[in-house]
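Working notes, beginning with the structure itself.
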Ligand code: SD4
């Protein structure tokens with residue numbers, strides 16, 4: 001988890017000079033030949049997500065099933081402190097989860113501030129498939145989940161409880177993301193039919209205000225899919241992604257002809273331009289894929305990595321390009 005920590009660390013070097021590679025120097029992008037599937041997921045926990053997703057994609061399964069199955073892996077893993085079970089709670093000690101999912105036909109579902117349900121992504125999928133709505137929140141989302149047969153369970157592990165109790169001693173609440181403790185999973189996939197889907201799920205910013213919702217369940221912010229163009233997802237400070245409609249912006253730039261990595265860079269730059277007075281410790285990263293199977297990632301600061309799996313090269317980790325060093 002070294003590179004993740006580097007990404008999240010508050011570093012004395014955070015004011016380091018900007019590194020601005022020209023768009024033509026990007027190397028972290030791959031081309032998909034023919035209708036071969038691929039899946040890309042944020043961070044080190046993206047590796048396990050890709051493994052689960054690939055089991056579906058390699059046999060001709062649907063991208064939507066792959067991204068859902070993929071992100072369920074960290075959702076159920078108590079060692080992942082920023083997704084699902086074991087996620088760090090809000091400042092009131094409650095684990096509240098945000099998630100969304102979208103397919104290649106502009107169908108989407110989301111849940112926000114959902115408590116006591118281990119797999120918010122699967123609830124989000126049912127919001128998409130079984131309701132006329134795009135999003136359910138809080139108690140309403142939980143009632144829906146229980147009616148659909150999900151189990152109510154305590155998601156606050158002893159370890160997360162201890163960390164929260166430690167945090168309570170100072171309770172230093174700042175309305176900024178706790179950058180040591182966030183690590184959303186976003187996953188994007190294209191299947192053998194050329195269908196694209198995406199999923200995003202998180203416990204959000206650690207020790208956030210109760211009721212705070214980040215970018216991750218918001219279609220257009222934490223995730224966006226256009227089946228004719230491509231898909232994008234975000235990680236990092238949700239408020240900055242919401243303010244700029246980050247993932248929708250990435251997809252719109254791909255629509256205008258930019259490659260995934262170029263489009264991600266444009267969205268990163270927009271956030272930097274619009275957050276000039278709020279850049280201290282600000283981190284946001286985007287991943288994107290397009291219909292041709294090109295992919296890429298870009299973040300404000302170094303340390304953002306992702307897992308990518310395809311037929312040619314299997315599952316592996318790559319580092320995203322970035323604008324500046326911590
Ligand atoms: C949020 N974007 O709730 C999420 C947190 C995150 O990596 O992405 N962490 O703001």
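Including glycine, each Cβ sits where the backbone N, Cα and C put it.
Bear in mind that TrEMBL entries carry predicted annotations, made automatically and left uncurated.
Under the heading active site, nucleophile, TrEMBL lists 184. Look at residue 184 (active site, nucleophile): DSSP puts it in coil.
For 212, 213, 214, 215, 235, 236, 237, 238, the entry in TrEMBL reads substrate binding site. The Cβ neighbour count for residue 235 (substrate binding site), using a 10 Å radius and every protein chain shown, is 30.
Residue 236 (substrate binding site) falls within a strand when secondary structure is assigned with DSSP. Residue 236 (substrate binding site) sits 8 Å from residue 184 (active site, nucleophile), counting Cα to Cα. Under 8 Å, Cβ to Cβ, and six or more positions away along its own chain, residue 215 (substrate binding site) finds 221, 222, 234, 238, 239, 241, 242, 246. Rounded to a whole value, the Cα-Cα separation of residue 235 (substrate binding site) and residue 184 (active site, nucleophile) is 6 Å. A simple Cβ count within 10 Å picks out one of the binding-site residues 214, 236 as the most packed, and that one is 236. Residue 213 (substrate binding site): 19 other CB atoms within 10 A of its CB, across all protein chains.
Taking the Cβ of residue 237 (substrate binding site) as centre and 10 Å as the limit, one finds 24 other Cβ atoms among all the protein chains shown.
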